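TrEMBL has this to say about the protein:
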ACT_SITE  Cys73  active site
ACT_SITE  Cys73  active site, proton donor
ACT_SITE  Cys224  active site, proton acceptor
BINDING   Asn11, Asn64, Gly74, Asn75, Asn164, Asn197, Glu215, Arg216, Gly225, Thr226  substrate binding site
Amino acid sequence: MKFAKMHGLGNCYVYVNQWQELIPEERLELLARVVSDVHTGVGSDGLILIGPSECADFRMRIFNADGSEAKNCGNGLRCVAKYVYERRMIDRREFTIETLGGTVSVEVDADFGRKVRQVTVDMGAPRLTKAEVPMLGDPASTTIDEEVAIVSETYRLTALSMGNPHAILFVPDVNEVPIHEIGPSIEFAPIFPERVNVGFVQVRGPREIDYRVWERGSGITQACGTGACAAVAAGILNGLLERNTPITVHLLGGDLEIVWSENSHIYMKGPAEFILDGEFFPAQKT
Ligand SMILES: N[C@@H](CCC[C@H](N)C(=O)O)C(=O)O
């Protein structure tokens, strides 16, 4: 199986071009687990498929390292945009990508040699009701700084969907949080029937935050694009950050610039990097 390994701020995936490789649907979950394994596979946070779409220029599917399929991936979208533009699969700098969470528009900033420097993604409007997250409780209500009891702890959560679910907690110091303990305990809490990505935010000022993440299905990663958007939306909903202005999000792997604009859409701008092209020989059981 031919693949490319790429990363967005260290959030790395194995990318498979579905015009080159036909993988049976029933093998995708196991394949994602196998390629993600750092010891016996390629080593990644999951698997991303780039394929044809009936309603957009391309389609992206994302599988976490545990094999679960997610509906959206911000860092993945920037890498897919870089992949298709640099490999001349499209000539326009603005195009669309279908995900299970909806279709998004992307714009690449490239030099004359067609090398992509940055990608801006219109991530759409955050979805705020409990039904949309999804989260148990009154389906029409929102979760903004709500006290939620999980196992033997109580957390103040803001929860929203960027196509995929995010629970955000504001903390005094992101480096002091035991993410390995709190992350899985919230990810698997029954109140989130589809599990949840868990983000920890330290507000540095009205236009700057530190953000760390425990990703559903992949654990701690260097960065999460949808999570950075959710963190900024949560900061604005809690009156801690400014709207209609770029917010710098510092992640373990680097910085993203996020704006929640007047038209209610969130825009994410950041880099995408190519690591290598390779060929993987899955064992017979995959
Ligand atoms: N790293 C991604 C999100 C990947 C999916 C997520 N773990 C989920 O299960 O929803 C990003 O950059 O957004």
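Just so it is clear, glycine is given a Cβ too, placed from its N, Cα and C backbone atoms.
What surrounds the substrate site, by Cβ distance within 8 Å of the Cβ centroid and not counting Asn11, Asn64, Gly74, Asn75, Asn164, Asn197, Glu215, Arg216, Gly225, Thr226, is the set Ile62, Ala70, Asn72, Cys73, Gly76, Val213, Ser218, Thr221, Cys224, Gly227 from the same chain. Sequence-distant contacts of Asn11 (substrate binding site), defined as residues of its own chain at least six apart whose C-beta falls under 8 angstroms from its C-beta, comprise Asp45, Asn75, Gly76, Thr221, Gln222, Ala223, Cys224, Gly225, Gly253. Taking the Cα atom of each, Glu215 (substrate binding site) and Cys73 (active site) are about 11 angstrom apart. Under the DSSP three-state reduction, Gly225 (substrate binding site) is assigned to helix. Distance noted between the C-alpha atoms of Asn164 (substrate binding site) and Cys73 (active site) is 8 Å. Put simply, the two farthest-apart Cα atoms among Asn11, Asn64, Gly74, Asn75, Asn164, Asn197, Glu215, Arg216, Gly225, Thr226, the recorded binders of substrate, are 16 Å from each other. The Cβ of Gly74 (substrate binding site) lies under 8 Å from the Cβ of Gly8, Val121, Met123, Met162, Cys224, Gly225, Thr226, Gly227, Ala228, Cys229, Met268, each of these being in the same chain and 6 or more residues away along the sequence. Within 10 Å of the Cβ of the residue listed as 'active site' there are 30 other Cβ atoms, across all protein chains.
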